[in-house]
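Chemist: Structure below; questions to follow.
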Amino acid sequence: MSEITDVYAREILDSRGNPTLEVEVFLESGVMGRAAVPSGASTGEREALELRDGDKSRYLGKGVLKAVDNVNNIIAEQIIGMEATDQIGIDQRMLDLDGTEYKSNLGANAILGVSLAVAKAAAEEVGLPLYQYIGGSNAKELPLPMMNILNGGAHADNNVDIQEFMIMPAGAKSFAEALRMGAEIFHALKGVLKGKGYNTAVGDEGGFAPNLKSNEEALEVIMDAIQKAGYKPGEEVLLALDVASSELFNDGVYTLENEAEPKKTPAQMVDFYENLVNKYPIVSIEDGMAENDWDGWKLLTDRLGKRIQIVGDDLFVTNPRILKEGIQKGIANSILIKLNQIGSLTETLDAIEMAKRAGYTCVISHRSGETEDTTLADLSVAVNAGQIKTGSLCRTDRVAKYNQLLRIEDELDTTALFRGKDVFYNIRK
């Protein structure tokens, strides 16, 4: 009864008002699975292709009607009649149909929408929650959240160079407690910023986006907020950064406009990070070097890889082939997992498996352009990732994922596992 009988895609809007794809997969039993595809602002060069129409008369050229048509008129006829429980077979059928490395014929957004909708339909058909359908009976670990409470870079219209300043409530005993701590710190930060006369408008991912005197001032106001909320920085709450360095890199030099000395060589960037790590309880730095600066990545990993989590996002783009090269060269010790960077559930699971076998941590991540779809939350529990990055404590597109994790924790009840600081198993704490 899990035979696919119909596949239908439509154009919807994401959290930034840009079009994206929503796909519905119908089964013989009458069951339906629905999935929406996210979209990024700062993207890696080697990401799978997000197919846009380019017609400037519609949505400023960002329409996705070509991708919709590819689902409804090309992919659908190839997978109708297949069993929804054959996830690997269906994903492979779509990859073969596309025939390109970066999914540039059908579009990664078209393929991913179908891939996720198939998984959701299959889970519904067999009567399992999505996290358990994907991960099996051992899927029970709730992730420690990386909460992006202050935005800069491509995620905000301000003068802050670093894209994301995040808190990780690692001292919590449960996901629900971690969420509460994060919310309290978020509200405390609003008070701190107001007290300094700063703007409290929010960026794409729900974090505050004020103009500040320096990147370091962002860390100072967050430290103040943690303490005002009644928590101890470095013990109960840790800090994490997403620098998105590819956006700052040109001709072998990094430019941080908000620093006293804006121009930095890769070695000077490592010095800059080491100084911050020595001064603040930073446990994780994502995309500290540009995606093509592999020598810089090696410098950063060698210097700080035993002390903190070094996360590759634009570097690895959730691609097992690129990740394998990074592992062989000893670059980074963690990978950010974004479903739409690679474009299918099967390939995403392959990347996670490869990372874990190499002793790399995995951080399941949203994109800056999100929807109300909560697949991300289920995926983080399905693979026992231990960490999730899904924005601030504001905007429904972000909070939807947190609320789904609360439901999952409730459902798992006494079998739920939350490891807090222990998720950083591959660094010295």
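Positions of Cβ are set from backbone N, Cα and C atoms, glycine also.
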Chemist: Just to be sure I read the record right: Gln163, Arg367, Ser368, Lys389 are listed as binding (2R)-2-phosphoglycerate in Swiss-Prot. Which of Lys194, Lys338, Lys421 is listed for the same site?
Modeler: Lys338
Chemist: Among Asp242, Asp251, Asp350, Asp373, indicate the single residue that Swiss-Prot lists for the Mg(2+) site containing Glu286, Asp313.
Modeler: Asp242
Chemist: Checking your reading of the structure: which of the recorded positions Gln163, Glu205, Lys338, Arg367, Ser368, Lys389 lie inside a 10 Å Cα sphere centred on Asp313 (Mg(2+) binding site)?
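Modeler: Close recorded positions: Lys338.
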Chemist: Around the Mg(2+) site formed by Asp242, Glu286, Asp313, which additional residues qualify by having Cβ within 8 Å of the site's Cβ center?
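Modeler: Output for this site, in sequence order: Gln163, Glu164, Leu241, Val243, Ala244, Ile285, Asp287, Val311, Asp314, Leu336, Ser365, Lys389.
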Chemist: Which whole-number value in Å describes the distance between the Cα atoms of Lys389 ((2R)-2-phosphoglycerate binding site) and Glu286 (Mg(2+) binding site)?
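Modeler: Counting only the Cα atoms, the answer is 11 Å.
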Chemist: On a simple 10 Å Cβ count over all chains shown, which one of the binding-site residues Gln163, Ser368 is most densely packed?
Modeler: Gln163
Chemist: At its widest, how many Å does the recorded (2R)-2-phosphoglycerate site span between Cα atoms of Gln163, Lys338, Arg367, Ser368, Lys389?
Modeler: 17
Chemist: Looking at the recorded positions listed here (Glu205, Asp242, Glu286), whose Cα lies nearest to that of Ser368 ((2R)-2-phosphoglycerate binding site)?
Modeler: Glu205
Chemist: Can you tell me how far the Cα of Arg367 ((2R)-2-phosphoglycerate binding site) sits from the Cα of Asp242 (Mg(2+) binding site), in Å?
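Modeler: Cα to Cα, Arg367 ((2R)-2-phosphoglycerate binding site) and Asp242 (Mg(2+) binding site) are separated by 13 Å.
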